[in-house]
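What Swiss-Prot says about this one:
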- 211-274: domain 'KH' (DOMAIN)
- 337-430: domain 'HD' (DOMAIN)
- 105-124: region 'Disordered' (REGION)
- 5-25: transmembrane segment (TRANSMEM)
Amino acid sequence: MEFNVLFISILLVVSAVSAVVGYLVRKSIAEAKISSAEHAAKQIVEDAKREAEAGKKEAILEVKDEVHKLRTEAEREIRERRNEIQKQENRLVQKEEILDRKSETLDKKEESLDKREESLTKKQRQIEEMDSKVEEILNKQQVELERISGFSREEAREVIRAEVEQEMAHETALLIKERVAKAKEEADKKAREILSLAIQRCSADHVAETTVSVVNLPNDEMKGRIIGREGRNIRALETLTGIDLIIDDTPEAVILSGFDPIRREIARTALEKLVQDGRIHPARIEEMVDKARREVDEAIREYGEQTTFEMGIHGLHPDLIKILGRLKFRTSYGQNVLKHSMEVAYLAGLMAAELGEDVKLARRAGLLHDIGKAIDHEVEGSHVEIGVELATKYKEHPVVINAIASHHGDTEATSIISSLVAAADALSAARPGARRETLETYIRRLEKLEEISESFDGVEKTYAIQAGREVRIMVKPDIVDDVLAHKLARDITKKIEEELDYPGHIRVTVIRETRAVEYAK
């Protein structure tokens, strides 16, 4: 830095000396020119005097004019040079002042930097001293802590690590629980969406199958011919078909009563043919019953084939198709089993499509899930066991066999399709109008449901809705708070499970409402 200041000072001195020397040189040149001009003028004058005395005055004037011009020009040039030199001197002075100020600033900065460096050095020494003191104190504290706790440093580290691991394990468990709960919630939501979509897309009938059939007669005189002499005709018909004929005051009608729909259909077909033919006697009755039995067997096969065609299911064994057709004449709680099986197959296929599963396999499993009901009155065992035996005998797919075995929860479901079939079975059976119960039983169940709910303290009103599948309980807010509302719901649910028989599930909803009313006057 000192070298730069010295160099700038020398440069300024050299510039000033050069300016002065230039000025002196220019002044000497100007004076030389003036002297030369004067000498030339004198020479001219002398020459003029010698050459022409006549024009002496004019020559003298001309010379004087020339001398005056030369002098004027020389003086002007001198003034310009002098002004220029003065300007250069002024600029040099300004630059010198600027350099002086910069030099002072640099000196001040250098002095400030020196002070700061000295201060930083001092602080660094202080920090180093403090670090050494802190390290000494920490070492003493560590020794004291080890003495008090009875743990060495490594042992304490292991204890802390174990505590941290335990805490992290707890937090991880909570996180996993939260994620699992969220996953279940999302799965339930998705399941509800799939079930809702399947139900909306499924158009099913409201069935009401009965255990009696009615045969219309052309007139009441036909009743006597059906009974026959000493009742031989009616006895023959009842013996051959196993169906009771009820002939009462109902005009122009005979009622066929029996719990086997196939036998009832055979009796109905045979009786209609006898009435149409008009020849009614035991031999003719036996002939018509045999013919009706063959026709019903053929109709059963056609029902099975038509069902598989409508559902788009191929490759079923012919015997299995015939057994499937028998479901047309079977009912469960008033619901036609074949229609129920078709409905289950359709629902299972819709839900399988939503989940990306095999739709045809799901429909096949749904259609055959109740196949055992076709012959459960002829073979020992539950319809589930019989269905599994039939499916195994006719070499059905393992998924179909598992769906039949698990649709009532008797066996664990090993595939998604089995779970879908069970869900579709519950949907088909639980939908409004699918199955029938007596009005008296239904009303008694609803009354019992409301009675159980109203037996608890704090209950204000109780409403059984959705055909007894939900009960809504209004409680008194000044007696039952939010915490007791949850407990009340659990207690009512437990009592319903203990005292009431019901199909499916019953939803218990406890509603606590607080109203604040004021009047503006």
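Think of each number as a place in line: the chain as shown, counted from 1.
Glycine residues also receive a Cβ, built from the backbone N, Cα and C atoms like all the rest.
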Query raised in the report: Mean pLDDT, the domain 'KH' (211-274)?
Result: 81
Requested in this report: Report the DSSP secondary-structure composition of the domain 'KH' (211-274) as helix, strand and coil residue counts.
Outcome: 34 helix, 13 strand, 17 coil
Report task. Would you mind splitting the domain 'HD' (337-430) into helix, strand and coil residue counts from DSSP? Result -> 68 helix, 0 strand, 26 coil
Requested in this report: For the region 'Disordered' (105-124), give the DSSP counts of helix residues, strand residues and coil residues.
Outcome: 20 helix, 0 strand, 0 coil
